[in-house]
Amino acid sequence: MSFTLLPRGNEAISINPVASDITIRLTAHGSDWYWAAFCIFAVTALAYIVSAAFVPRMERIFHYSSIGAAFFASLTYFTMASNLGSTGIQTEFSHYMGGGIRQIFYARYVGWFLVSPLLLTNILLFSGVAWPTILFTLSAQEIYVVSALIGSLVSSTYKWGYFTFGVVAWFLVMYHLIFVARVSAKEQGSDVYGHFLVMLCGISFIWTLYPISWGLSEGGNVISPDSEAAFYGVLDIATLPVICSYFVYASRKISVERLGLAFERGFKRPVAILPISEKQAAAESAAGGRHSAETAVNNETAARRLRFLHDFLRWTYFARLLREDNCIYIYRAAIRSRFATTKTIEHAVQLTGSSMQSYLQYRSLRSSILKLVGPDREKKTLDEDWSSSRDSPAPDAVSNAAGSAGVHATPIFSCDYILQKPDSPCQNSSQQIFIVGWDGPDDPANPRNFSIARKIMTTLIVGAIALVVGAASATDAAVLPQAAAEFHVSDVAESLATGIYLIGYAFGAVLAAPFSETLGRNIIYASTLVLFAIFIMGSALTPNIGGQIVLRFFAGFFGSTPLVCAGGSIADLWDQMEKTYAFPIYAMTGFGGPVLGPAIASYVAFGSLSNWRWAEWISLIVAGLVLASVLFLMPETFGPLILKWKAQEIRKLTGDDRYKAELEVTHRTFSMRMKVALVRPFIMATEPIIVLMALYITVLYIVQFTFLDGYTFIFKDVYGISQGLTNICFLGIYIGTLLPGFLIYPIYRITKNDFEKVQAQGRRDLDPEVRLWFGMLGGSISIPVSLLWMGWTDYTSVNIWSPLIASTLFGYGMLCIFLMVYMYVIDSYEIYAASALTLVTFMRYLLSGVMTVVGIPFYRNVGTHWTLTVMACISALLVPLPYVFYKWGNTIRSYSKHAAVKV
């Protein structure tokens, strides 16, 4: 008797069937191959993303194009694996199955149309050929793809005419690669030439087989669609993951400066100038004043429209998203006299700065700078010709404001300190770097000076992100029987969908912090939410358990951002005293996700929607709404990044390159941050505070996530209620998580009194032990009490409200312990708090993910009474922990190399 843990479950063919008259069609075997290829391309894309992170931003041109190609290929193969993107075409020949209507995947050609130009551009840029040659070669390649597509959709013999067009275009591509690009690569040097020859040999051989494959499949109907899938799939895999991966490796060995592809930040020259020609200007001058006046009015109108377009793009998110790489240059209209009666519209302002800057933040920064620079400088910057303004000396007003080299030795803008650089070449003779700081304690650009309403809104948005990714972790558990039945697996095997999601959480949390400390908070929240939504959508569409597990892992991986970045966002906005009520606001919002998820998905499996996959679709819809709030409502809160924007604005408006942000001179690269993020958390695994706190919260999370399986045994089996109503019972825990809100005010008063004592002693920082009050005010003792209460009143003879009230007490204790652990660790380890929280997060989600799979057999074999008793006894051992740390916490921290100690 054979046993398989993950039996076959690919039902894409039956879920997305083709028309009944299509007799030559893809089978489940071909779909399986497409799914395997999709996984290869998706992993390749992620590998390219990780590889790009270790390359300087201005040298990622080949990485970015390779990432795009891999993602387009993943999308293409996902479509074909799902049996979508195809149509039926009558075959010309009857070699296979006697002819008939054959299934043609036009999605394949759409993918080639998008992928092949990226790969070809990479190779041609690497060889150093001229841009006209690149454009011509790309045009020939697109002609080849389009000809093959049209030919495959033609049923008559005329398809071979399109095949001929395609083959001629293919010969042109090969000619330019072999005879033009090869010669150019040889001139670049022996190392470039060697790498190019390797790629050329592989590409030439592989791409020669594509016309042959077309002739055997869509053209001649010689092989089946399954064999066609294998033939094309092998060629595509050999082209993208193999050849392209070698290309990425080779591009890292050759500097982009050698290839003439070095990009620099900042504006170098106008990309496009729209002058009125001298001939036209002379004609206008001869036409008289009326014509000239009309021209001036038209120019003024065009200038206003261009200014509006510039401001709109500058303040919208999508333009700002690309500004980090300085790849959008929009020239604002300015009217400049060229002859006596005519003017020229010139575009001379670049969208500088960094990504994700909101309108209010930008206006605040720029207005504060212009108060010192003066409005004349802004007008000069906007209206003058860029090249002349770069070459000519600055006006007196600007010189007086900015401090020209050798005249002003001190900055006029608020700076934290002046950094001397005697041995480095500087543009200013003073050889100083002015480190830009906030304009005093009330600087409106400082996130801590945002209005209370704006800070609360931002905190709630961060909590909403945590809510949606937390809910997605539990929605699958709510429809576990239906999913297991469709995939023909056991409930234990299907519970892997939840467990692997939590394990993805654990590994994603390790990598999220370095990204947020390099790129800022918002871009990480937005980008990871997009990727999270993509993988949730894939999980909703997956035809088998294997695909669901893989996609759920990556959904958890990219959904882990708020686990480590939320603490940083809250620290950006609130000071030590304010965090006493700000952090509970975030926690009460975000902590409800894992218990609201089952309630949200409680009736989708057998209600009006009647499909368990709607549990994933609901998560996707909510994620889209939260993503919209991030894009349009959430400001950037990472202070060092905002100061970087400020320094860039100062340099742009004054021309003084001495003004720098601390983020620009610390030279902490992303690779350095990544090394710290991967190593330091595990070095801190010997810290007793971290180990005990991590153990405490891990026990609670194990209890919570095993409840996802255990509630079936606790409520459904005992009280005979429906599956949907069983999931509604999770609302008892959610109500409990709201109860700590009543502790905020008294704990705030305690914290305020403690802070006044600290100030009286001449110290500035709160004692971390004040954060333990959430655990001491009933939080720690409520966990074992609630579990024993729930376990030993779980009888048919006892009203169902008894275990429900116990679950409310459990929710109260769980949120109290969460607040205590996070706030105590943050205040205890200060600058090392990110690493400490990373370890805590990694431990609790990794162990919770493993134990989730054990939950069903544990409850089934041991029983609800003793299962909850065992968990209560373990949590009872940790009850004294907050009291012990409150009494001897400072002494324990004195033995630590990383913790802060009260002097």
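Any Cβ shown, glycine's included, is placed from N, Cα and C.
Heads up, TrEMBL stuff is auto-annotated, nobody curated it.
The shown structure was predicted, so the numbers you read here are calculated from the model rather than taken from an experiment.
Features of the protein shown, as given by TrEMBL:
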DOMAIN    456-890  domain 'Major facilitator superfamily (MFS) profile'
REGION    381-402  region 'Disordered'
TRANSMEM  109-127  transmembrane segment
TRANSMEM  134-154  transmembrane segment
TRANSMEM  192-210  transmembrane segment
TRANSMEM  456-475  transmembrane segment
TRANSMEM  495-516  transmembrane segment
TRANSMEM  523-543  transmembrane segment
TRANSMEM  583-605  transmembrane segment
TRANSMEM  617-643  transmembrane segment
TRANSMEM  682-704  transmembrane segment
TRANSMEM  772-792  transmembrane segment
TRANSMEM  804-825  transmembrane segment
TRANSMEM  865-886  transmembrane segment
Chain residues in Cβ proximity to the transmembrane segment (682-704) (below 8 Å; excluding those fewer than six residues from its ends, i.e. six or more beyond): 594-595, 733, 783, 787, 810, 813-814, 817-818, 821, 824-825, 828-829, 832, 835-836, 839-840, 843-845, 847-848, 851, 871, 874-875, 878, 881, 885, 889, 892-893, 895-896, 898-899
Same-chain residue ranges lying at least 6 outside the transmembrane segment (192-210) that approach it to Cβ under 8 Å: 123, 126-128, 170, 173-174, 177-178, 181-182, 185-186, 232, 235, 238-239, 242-243, 246-247, 250, 253-254, 258-259
Averaged pLDDT, computed only over the residues in the domain 'Major facilitator superfamily (MFS) profile' (456-890): 83
Two-stretch contact, the transmembrane segment (617-643) and the transmembrane segment (456-475), at least three Cβ pairs under 8 Å: yes
Long-range neighbours of the transmembrane segment (109-127), counting only residues six or more past its ends (CB under 8 A): 61-62, 65-66, 68-69, 72-73, 75-77, 85, 133-134, 137-138, 141-142, 145-146, 148-149, 152, 173, 176-177, 181-182, 184-185, 188, 192, 195-196, 199-200, 203, 239-240, 243-244, 247, 250-251, 254, 259, 261
